[in-house]
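S.K.: Structure in C-alpha cells, see below.
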Amino acid sequence: MLSSTTSVPSRPVFSHEIDTMITICNKKLKVNPDDTKVLLLRASNYIKKGLFDQAIFDCNKVLEIDPENPGGFYILGNCYEKIGDFDTSIVNYTRTLQIDPEHINAAYARAACQNRKGNFAQAIEDYSIALEKDKETKYLSIKKLVKTKNQGCIAVRPTTPINFQDRSISPMASRRVLMPNESNFTQSSMETVYKTESPDVEALHTQGYTARQRGDFSSAIDFYNEALKINPNHFKSLFNRAFAFDKLNNYDLAISSYTQAIEIDSNNAYVYYNRGISYDKNEQLHPAIEDFTKAIRLEPNKADFYHNRGFAYRKLKEYEKAIKDYTSALKIDSKHFKALYNRAFCWDKLNKIKEAERDYTEALRIQPNNVNALHHLATLKEKEGELEKALEYFTKVLEIEPEYTPSYNGRGLVYDKQGKFIEAIQDLTICIRLDKENPVYWHNRACCLRNSGQYQQALSDFNKALALDSSNGVIYANRALAWRKIEKFDKAIEDYTEEINQNGYSVKSLNNRAYCYAKLCLFDKAIEDYSKVLDKDVNNLHALHNRGISYERNRQYEEAIKDFTLVIELDSGNANAYFNRGCCFDATGHLDKAITDYSKALELDMCNKDSN
C-alpha cells in the first residue's frame, strides 16, 4: 500500500509526468489487475488530474481486494475532501485510523476537514491525537492549528501504536467503525488497565501488535500470551489476542478471549461488537445478535452496530428485522453504503422491487461505479421486464469491470429472453472462459443452445455442467428437455427420475416424466405419475387431461371419461376435453353422447377461431 509518510516533493509535478505515471500503472495492472499498490498509485495520480470518479473506483477496487487497507480509505478520503464532501471524507479518514491508528496524515486530514466544517472542538481533538503521536511536534500550540479558513494536511511521521482493530462482516467489505481507544473505556478500566502496567507487559503487547501488523498472527498471539502470564487481566492483550484468533479463523478461541475481556470491562461496546462478529463467522447467529444488541445499548449511535446486526438477521432470512436495522443505521449515517445495499437486497427477497430499486439507486449515488449494486439493479430491471434497461446496466458493469462474469451471465440470459441467441452464446462463452469450473455457466449456455435448436451442442454443455455438479436436479431437468426435443424419451425419463431423486417429487417433474412415458406408450407408468400429481394438486388440469388421454389409449374408457368430465367442470370452454370424451363415448357405443360432445367441441373450436 502507499506509505502515509512519503514526503511531498519540493518541485512541481507536471501534467505529462502524471500521465506517464498513469500509463505505467495501466501497463502493470494489465499484468496484475489486483495489485493494490499500483491501484493506489494510479488513484493518487487521478486525483492530481482531477479525475475523481476514476480515483474513487480504484480505491473501492483496493478495498474489495483488501478490506483492511488503510491506504485505500485514506486516498478515498483525499478524493472526497478535494470535491468538498467533507462528511464522507471524515468517514474515510476515521476508517483509516481504525485500521492503522498510527496513520498521522489521516488524523491531521480529519482535523482539517472538521476545521473546514467549523467543528473546531473536534478539530482540536484530532490535532491533539496526531500531536501526541508525533514527538517532534509536541511543543506546538494546538490552538494555533485551528483556523476558520481551509487547512491543508500536514505530513508527519507516526510513532507509537494504538492497538484496537475491528473488521466488518458484510459481503462487500468496505466499511469500518471507530475502534475503542483509551477514551472509550470507563475511568475505572483506564486506571486498572493502563496506568499500573509494568513495562514488560506493555513491551510484550507492543511486540504482539507489531507481529499483527505484518500479518504474523500466530506470533502476535504468543506475545499476547506472554503478557497475560504477567497480568492475566491485561485488557488490550485479551482484546487483541481475540482479534488475532479471529484472523486465523479460530473463532471459538476468539470468542473465549473476548469473553475474558468482557469480564474485565463489561461496559465496552466494541468488545461485544467484535465478539458478535466472531459469533457470526462461527455461524452462531443468535449469540451474535445478542452481542450486537448489547453493543447498541452501550453505544446507540454507531451505524455499523445496527448494520452488522441487520446482516445477521439477513443470514437468518429474517428480512423485515434486517430492514429495520439497516434503516436505523441510515438514520445515523445516511451515506452508509452497505446499509443501503443490503437493505435493497432484503427488499428484493421480499419481492418489493420498487423499494429495492430505490435503495440500489441511492447506493449508486454514493459509489457510482460499484459493480455489485449496478449488477443487482440490472437483475431487478430484468424481473420487471425492462430488458433494454437491464442490458444497459449489465453493459455498464462490464465497462467498469471487463471480467465481471456475473454480468456477462446476466446479460447473456437477457439476450436469450430476447431471442438474440448469438449474443447470448457469446456472453456465456466468455463466462466459461473466465470461470470454466463453474457449472452454472455451462448449464446456462446449454439452455441457450437448446433454445436456439442446437441440441447436440446443448447436450455436450449439460454433460459438462453435470460433471462439475452431479447433484443438481435443475441441470438434469433441463437436459431432459433437450432429450425430448430430439425424441429421446427414454433418456429424458432417466434425467427426470434423477431430478426427482435429487429434489423430491414436484408437480412439474412428475408431469414431465409422465408425458415421456406416454410418448413411449408406457401408459400404466404415465397414469401412475399423473395420479401422483393429482394427489398433490387435485384440480391440476394438465394432469387430469393427460391422464384421461393415457386411460383412453390404455382402453380404460370409463376412467378416461371421468377425467375428461372433471376437466370440463373446471374449464367449460375446453374443446379438446369435449372431443376426447366424445371419442371415449364413441368407443363404448354411446353414440348419442359422442355426437353431443363432438358437436360441442366443434362449436367451441369455431368460437375460438372467431375470437382470434
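Any Cβ shown, glycine's included, is placed from N, Cα and C.
Because TrEMBL annotations are produced automatically, they should be read as predictions rather than curated entries.
Relevant sequence annotations retrieved from TrEMBL are reproduced here:
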REPEAT    36-69  repeat 'TPR'
REPEAT    70-103  repeat 'TPR'
REPEAT    201-234  repeat 'TPR'
REPEAT    235-268  repeat 'TPR'
REPEAT    269-302  repeat 'TPR'
REPEAT    303-336  repeat 'TPR'
REPEAT    337-370  repeat 'TPR'
REPEAT    371-404  repeat 'TPR'
REPEAT    405-438  repeat 'TPR'
REPEAT    439-472  repeat 'TPR'
REPEAT    541-574  repeat 'TPR'
REPEAT    575-608  repeat 'TPR'
S.K.: Take the repeat 'TPR' (337-370) and find every residue of the same chain, 6 or more past its ends, with a Cβ under 8 Å from one of its Cβ atoms.
M.R.: 53, 56-57, 60, 88, 168, 170, 172, 174-175, 303, 306-307, 310-311, 314, 317, 319-320, 322-323, 326-327, 329-330, 376-377, 380, 383-384, 400
S.K.: So what's near the repeat 'TPR' (575-608) in sequence-distant terms, Cβ-Cβ under 8 Å and 6+ beyond its ends?
M.R.: 545, 548-549, 552, 555, 557-558, 560-561, 564-565, 567-568
S.K.: For the repeat 'TPR' (235-268), how many residues does DSSP put in helix, in strand and in coil?
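M.R.: So the counts come to 27 helix, 0 strand, 7 coil.
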S.K.: What mean pLDDT score does the repeat 'TPR' (405-438) have in the model?
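M.R.: Across the repeat 'TPR' (405-438), the average pLDDT comes out at 97.
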